[in-house]
């Protein structure tokens, strides 16, 4: 017959187990506290994404940039305060980000239905998925229960978000810092199949690659480069013109981005970098040789992995009432 001590130990183990699982993300986290939360998000996205088809790429990029700094905690959404702290919004990788108003509108609907329940971090994650699906892209599971961070620093965004000028070594390090491997790097880069970029993100490849004005990146297809210079980015200082990241297919979530990489027509240095390593190049070829359904499945796996980076759950962080400011 087991003694009292055994049951004390087992009870303690049960408490530890509960504590370790209680704070994790879960599917349908709001099923009791805000039963219609996910439907409210999806309905809003479906009503508005067709009027603004670029929103899928915009919010997907926002989700990526948010998760790479302090985890997926909506710290990216915070405004700079009167104290002078420069938030992530003002960091170089984020100055061209859009879609903050879209997130705010979704959040206001959720606040009206269930005040103080659904986090801004979960709103970003859900909108990113729903917007991609609404434009014909892959579906992935979004477990919820993220809580919002209260700290946002511009310097951390600059240090952790991979810039478009990244070489392979830099990309590998920055992704590994988030627990993401080389396969995730290649698959998540496939998000560049939709959306546009400003010339300033890659014009150095056209005009100033070595630091000497007039030098061009030899890794960029010369015909493609000439076309960009003649029709799009006509000077090094062009900060306003936008260019399709996946020319001819920038509104379709497909495999053509990877085809451009093999033709040396990836827009960014970070795109081109995927072909400079044998492992990542092999992944690129495998994706191209596989089906679109396979790419969608791989993308879903990597997005689910990214969406769990350093999440705040349980009692850590807060549920912001307004996404741009911490609760008072």
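Cβ atoms here come from the backbone N, Cα and C positions, even for glycine.
Nobody curates TrEMBL annotations by hand; they come from automatic prediction.
Listed in TrEMBL:
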ACT_SITE  65  active site, proton acceptor
BINDING   66, 69, 71, 73, 75, 88  Ca(2+) 1 binding site
BINDING   162  substrate binding site
BINDING   192  heme b binding site
BINDING   193, 246, 254  Ca(2+) 2 binding site
DISULFID  34-114  disulfide bond
DISULFID  67-72  disulfide bond
DISULFID  120-323  disulfide bond
DISULFID  199-233  disulfide bond
SIGNAL    1-23  signal peptide
SITE      61  site 'Transition state stabilizer'
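Looking only at Cα atoms, residue 254 (Ca(2+) 2 binding site) sits nearest to 233 among the recorded positions 71, 120, 233. Same-chain residues at least 6 positions away in sequence with a Cβ under 8 Å from that of residue 69 (Ca(2+) 1 binding site) are, in sequence order, 75, 76, 88, 156, 157, 160, 161.
The Cβ centroid of 66, 69, 71, 73, 75, 88 marks the Ca(2+) 1 site; residues of that chain outside this set whose Cβ lies within 8 Å of it are 65, 67, 68, 70, 72, 74, 76, 149, 152, given in sequence order. Cα of residue 246 (Ca(2+) 2 binding site) to Cα of the residue listed as 'heme b binding site': a span of 7 Å. Sorting the binding-site residues 71, 162 by the number of other Cβ atoms within 10 Å puts 162 first. The record gives 193, 246, 254 for Ca(2+) 2. Within 8 Å of the mean position of their Cβ atoms, the other Cβ atoms in that chain belong to 190, 192, 194, 249, 250, 252, 253, 255, 256, 257. There are 21 other Cβ atoms within 10 Å of the Cβ belonging to the residue listed as 'active site, proton acceptor'.
Straight-line distance linking the Cα atoms of residue 71 (Ca(2+) 1 binding site) and the residue listed as 'active site, proton acceptor', rounded to a whole number, equals 9 Å. Taking 65, 162, 193 as the recorded positions under consideration, the smallest Cα distance to residue 323 (disulfide bond) is found for 65.
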